[in-house]
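J.: The active site, tele-AMP-histidine intermediate feature in Swiss-Prot is assigned to H312; the stated evidence is sequence analysis. Feature annotation from Swiss-Prot assigns ATP binding site to Q101, H286, M287, A288, D289.
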Amino acid sequence: MAVRIDGSYGEGGGQILRTSIALSALLGKPVEIVNIRAKRANPGLQPQHLTGVSAAALLTDAEVEGAAKGSTRLFFKPKALKCGTFNIDIGTAGSISLVVQTLAPILLYAPCPTKLVITGGTDVAWAPPIDYMRFVFARYLTRFGARIAIELVKRGHYPRGGGKAVVQAEPAGRLRAVDSVEFGRPAKIAGVSHAVNLPPHVAERQARAAREALAKLGYAAEVEVEARNDGLGPGSGVVLWAESDVGNVVGGDALGERGKPAEEVGREAAEKLAAVLKAGASLDPHMADMVVLYMALAQGRSRLSTTEATMHLQTNIYIVEQFLPVKFKLERAGPRYIIEVEGVGYP
């Protein structure tokens, strides 16, 4: 019997699809998703969603119905988890990070190590930048006992893409719960400021503005400057992260765009990171919505905190609860929200 998911629930976007496909694939449960992106101006599946679906189908030898542009219904029936090396081309500047979000949980339950070579957009709007996935997402998952490495080969920006990343993961066995409501003391604050096919001073100005904004708040940051000329088009951005003495890692990011001063990009990333540090949360808003799936799969009770109960977070909790016999608690506690669940200890 397929799990039936209403794709218009809550946030009503691609996140529902990504989480549903990931859980269907790794649990071996068929899923039917209806009303996909029904509330959006361009409803139904878009090319970058289709890449995630086809990649998940490749990794699970799945039977798929409705995988076409504009389709508002998708049926996905996985067979067996596969492993090895796979090449995935999103085409244009579809987000590599969003495809990684879909596939990472599947890789952790594959029968042997897996390598994905993914081409597309590394730093694009409405998605976590690739440096966030490398330095926050992948590192946070080690707390659950997962081993996943993301290597940046080449950056790709909107509209032409052409970026490349390599993802390598090992089977995790059973994930362990993480109980860490307090961020702890910042042990290291670092970042990457990049500019591609732009004057090198763009990356330098972004980095300086980020460092100065954090310094005013009492935080010393080391921000690497990366100026490259190997992209298909221009683009820039900043990702900052803070690691704590108890093993937490949180991030803040901003993307450059035409007409937006480099200093504004740096300050925006710094302000996002500072807001999480000020609240003492163990998760930033990006990571909070991505982590609930791993909390539910882990063995034991996980308790983490974040600064916002975003619609993405609430929607992901709803999706996970449709697939697994878990019940999340999401409660306000001062400047933070506490996310708590007793995981199932899969498999």
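The backbone N, Cα and C atoms fix where each Cβ goes, glycine too.
Quick one: where do these features end up spatially?
T.: For H312 (active site, tele-AMP-histidine intermediate), the same-chain residues lying six or more positions away in sequence with a CB closer than 8 A to its CB are E11, Q15, P285, D289.
DSSP gives D289 (ATP binding site) a helix state. Cβ-based neighbour count (10 Å, all protein chains) for D289 (ATP binding site) stands at 24.
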J.: Through the lens of DSSP with three states only, how would you label H312 (active site, tele-AMP-histidine intermediate)?
T.: helix
J.: Taking the centroid of the Cβ atoms of Q101, H286, M287, A288, D289 (ATP site), which other same-chain residues have Cβ within 8 Å of it?
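T.: After dropping the recorded site residues, what remains is P128, F137, L283, D284, P285, M290, V291, H312, L313.
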J.: Have a look around M287 (ATP binding site) and count the other CB atoms within 10 A of its CB, chains all included.
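T.: A count of 24.
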J.: Show which residues of the chain containing H286 (ATP binding site), separated from it by at least 6 in sequence, have their CB under 8 Å from its CB.
T.: P128, Y132, V136, F137, G251, D253
J.: Quiz question: given the binding-site residues Q101, A288, which has the greatest number of C-beta atoms lying within 10 angstroms of its own C-beta?
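T.: Result of the Cβ crowding comparison: A288.
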